[in-house]
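Chemist: One structure coming up, written as structure tokens, with questions to follow.
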């Protein structure tokens, strides 16, 4: 019957199987069926059910014992409860054997205790001293030994903590536990009693001396008194060190608030009662009445310098020896919180902690903290401190009022202003919590849009929500502010507003009539249909809140203005902001009418015009460019090189003679992107102190398309008129574009010696500008002109590559030249154009490689890989910008996959191929749409890349036989030797001694040899290539860095030969070492997390070499 109840009529089989259900009855050991009795052998087993005669019935006529059923059921419940209960491991703690780490001090161990305290007073690591910690029979004896050996107070406090840990372990292991005593109170009493005893010894000596009379000379100080004085002086400093923790507790706002409540309650009790209660000496209460008033009263008039404490309610406590330390201690504690952690005193809503009610700790104090007493009297320094406290008190007042009304102008949050402010705060929280490094279903641009614009919309579908203006303004401020980082912010805002604008326009088109909410502000001829939705809001932002250039030395102002240019460049590209309507609006309002305000970018032709001077310049710089490429000669001029180092991405300048190294995406430090020049600003020439809209019209870029030719001409006419100035501006752009193209077309890679190449070789060499000349002219252009130059030059390079790919040309642009264009585009903030240019180049690489194979060129496999490495460097740097466009991301992924698809083994490939594979892996894991599109063809290969490139390694501690001459010629001049990296990698992989010698020789040259940045760069590239073919070198690099940074932690770091010849305290090689490590990380030789886990954290925890490590990491 039970079997039929399991299956319903719908799930029963149509035909009953021939055989019955399988025999699935459970078999038990020693069951009755297995008993071979005579009866069972003869007749077989006969099952005797518990209820005979009614096996399948209800057995309602059978009498059962209720007590037996109850007891059985109770036993079942008890067993179930026992099985479901976790064992209490707290009652069975493992026994701690105190002899393992502690040893009791006896008379026989005097020599050992002397040696141990000598090491404690020295520099021996505490991790080694903790293996055997001495324990005295009397706790106060430890203070005598600490003073005898003059142990540093920090290490002395460590010994006291270890002693506390010992006695705490003893208390836990005892069967009969006693009441646990607070160790802070216990050791306070111990050190106080010890100090009192030493003081009594000294006082007794001077008391006996004074009883002999004033005329008698003082006797010689006994040894016991001198020892007591030494003990007093040392332990007084130790007690002061153990007491001073104000610099630590103010790091926690929660702890500071708790302490502030304690201090204010005690001080308020003093003022209200006149005393904290009858003291042990029968001290009488002070009759002081509390002053009524708010927690922070009006600031009193400053007292003159000098003299005693100002008159306060605590004046009478100054002369009381009982209450004076208490008042000063509580006051100093509260004033420290005011100065270092004012957030703990701000009025707040307490929803979680029932002990701290809603309000502020200062609500309990009837006077301001600035009126509380301070030690040192009423000196000038004390008055400065009081002035600072009063200044912070005003800030606490303002912040408390803002919290009380929840940052709204109205206490009623249901008003329009309150709703708008709430939505603005919500938008800011959404932006700060969103991760722009990845894209999936819950963390994408669509989800970000829904979280910002999905709630609080107007009931009228065709109208814009009343608080959209505030949200749009906040988005602009977020994209421009220097308090946030990332170039992706401008693109994010442009795409969000583009999507919002499309949604609003779709709602308008769905209605029968066109709604014009605000009307056009530009001219009567412009209809509302051509006006972008947010044109008025963005124009108002430019009128009132957008940053302008006013001070040449203001770095944050320059950064914010650059961010503004990038933001409106993206808004114009996405048709969210109309540059044409903007110019018409400025003309109609008369903002550009004054001729005196017409700016003119400095002409690049204002360089030495004399032909002989130009030839001298090219004679000095042209030869270098001829040998090493454009990138090397950039470092001649200090001003331009500083801007190159700050403004250009690290991958572009990591290598000068080869391809750049792509780096992990790092947060951009927008506040440090420009060089700190004391002279005039070359990036924004002749625009300071000009009207804001003239600055904007000068720099805002316009898309370089045929449809935007009218706007470009309109801008030229508005800014320069129709005369000579406009012609000069056009000529400057043409001149610098011609110079760049001249260099690009001159030094190309001639393929197969075609007629075109032979004609070019027969031509007379011309005078070419150097790279620093080109950049010096380029940086004096406005951002609009820079966009125009880079767009034209990038189109020219793309035409050359396309022409070669189609077999119509024999010349390819050098990889260094393309990297130079990348740098120019990045400096001009043409980020979207830079990404588009990189993707277009990536799409041509497969055709270029095929053409190189067809022509049997020597560049097969090297040119496209090197160029692809530069493209990966750009895309990795602007990874957050790239993944905002899923189509471009898929295009990049497919292009990179095609480049490395020809049988590349992640465990055996070149350094450049490893960088490409690593970025492919990062793209695949950070974008969910790539997994759904390319999962079938890349998932297996992705696991191979992860196992070979992204596997964690442990540092090596090698100590082999060092060969100082191993590969020393190659290390000293890597560019002069041409050899197979794969063969050299195999040699290193087969012999650990060779790896050890190679690593030591490289680090010896980087740290002790010449610190030439170019040479260090070449060595880094060499090591990256060899590491790609010898993965065992990764552990060696990690081990040698750990040896340099953690050599004082313990003595088994390895690489003793290197440590004997390198002084880690020498600051001269830190820059070179940081550059070398950066190249290894960028080239996927080391994982940054491995460096942090195995080198950074252990070295920073060690106090001995913390300075060296911090300086190294700051440079890195």
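Including glycine, each Cβ sits where the backbone N, Cα and C put it.
Model, not experiment: these values are computed from the prediction.
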Chemist: Can you dig out which of the ranges 513-552, 553-592, 593-632, 713-752 TrEMBL describes as region 'Disordered'?
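Modeler: The range carrying the region 'Disordered' annotation in TrEMBL is 593-632.
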Chemist: Quick one: which of 218-248, 249-279, 280-310, 311-341 does TrEMBL have down as region 'Disordered'?
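Modeler: Checking TrEMBL against the ranges 218-248, 249-279, 280-310, 311-341, the region 'Disordered' one is 280-310.
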Chemist: Looking at the ranges 444-477, 478-511, 648-681, which is given as region 'Disordered' in TrEMBL?
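Modeler: Per TrEMBL, the stretch marked region 'Disordered' is 648-681.
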Chemist: For the domain 'Mediator complex subunit Med12' (101-161), what's the mean pLDDT in this predicted model?
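Modeler: Across the residues of the domain 'Mediator complex subunit Med12' (101-161) the model's pLDDT averages 87 on the 0 to 100 scale.
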Chemist: Sort the residues of the domain 'Mediator complex subunit Med12' (101-161) into helix, strand and coil with DSSP and give the three counts.
Modeler: 36 helix, 6 strand, 19 coil
